[in-house]
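See below for the structure under consideration.
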């Protein structure tokens, strides 16, 4: 396994700083067994009934379901550890746990559902919109592109291979629209949008600002529908997150350009603006830029951090559905932060160089990682080849910066 060899490599064994109590997202009483209010809120309550809800074990921690262990493990430095023993179980849960509730997530340009499992875990379901080999039409603006379920799955694995570990776990899943959405939803607005198509398939379209109409309905075959299931982060009432506007955000306008596209010295002013004027925030943003360029994702207008950790923490790479839309062309403008700032973490650079070598070729690692997903193949071969080509272009940009 190339993947196993990669994770054994010294560059993937650089220790993180010691995690103290204040570096943990949650400080948990080790004697407390936990259950949750079944009101749909994510509020944890101590409960003597926990044993009846959750499997018992030697310690209270053993009684937590996997998603709760994932939440408790989040710290200032990483969303989950490199060798996370929970990961296979968590991905398995996302793919197989019985769905007891499906409601539409509000906001956004396209339909997404929040699905709840019997152990109170929740996942964000993004349904399949187009086939693996369809490319985004060349005349589409980035802000009117479809969100792709397979891009969410591939982004999680790519983020892990790059050793960022800033995307919550995602698994593919085949969902039965009738039994797992229509028959169990309590969402009245969503319920009104189900219909049977002329071909006899079960369809729905939900309510949203862009692609929610009968023309853009999601249809099963006859009621089986592919989608991505992403583990939800802790509820914001428990762990506040701060949303930051990316300095290299696009204009989201058909004819206007953003300032960074017009000013070649734009990075100098970013470097003087908090929080980019100290610490590793700018370098973290450049990590995210590399991830986005490899995926071809132009839609990174915001990013989030956990408020508890202030400015000294990792960025969450959420919402990656507009990646992997094209393999035949590379969007070099995504690399603007790297090109303009000529800065990159040494550890990131060394890992990128490693992933460009034959024994650890990025496309091979991704092919191996994605083969474990229930919906494999996740990416068409041209997308995997594009990863190697784009990695070469990132290293070229860094090479020019080093020469300068």
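Every residue gets a Cβ built from N, Cα and C, even glycine.
TrEMBL lists 299 with the feature active site.
As annotated by TrEMBL, ATP binding site applies to 110, 126, 147, 230, 231, 232, 233, 304, 319. Residues within less than 8 Å, Cβ to Cβ, of residue 319 (ATP binding site) and separated from it by at least 6 positions along the same chain comprise 299.
The Mn(2+) binding site annotation in TrEMBL covers 147, 319.
The domain 'FAM20 C-terminal' annotation in TrEMBL covers 194-403.
Over all protein chains present, the Cβ of residue 110 (ATP binding site) has 20 other Cβ atoms lying within 10 Å.
The maximal spread of the ATP binding site, taken as the longest Cα to Cα distance among 110, 126, 147, 230, 231, 232, 233, 304, 319, is 20 Å. One residue stands out among the recorded positions 147, 299 for having the most other Cβ atoms within 10 Å of its Cβ: 147. Within 10 Å of the C-beta of residue 233 (ATP binding site) we count 22 further C-beta atoms, all protein chains included.
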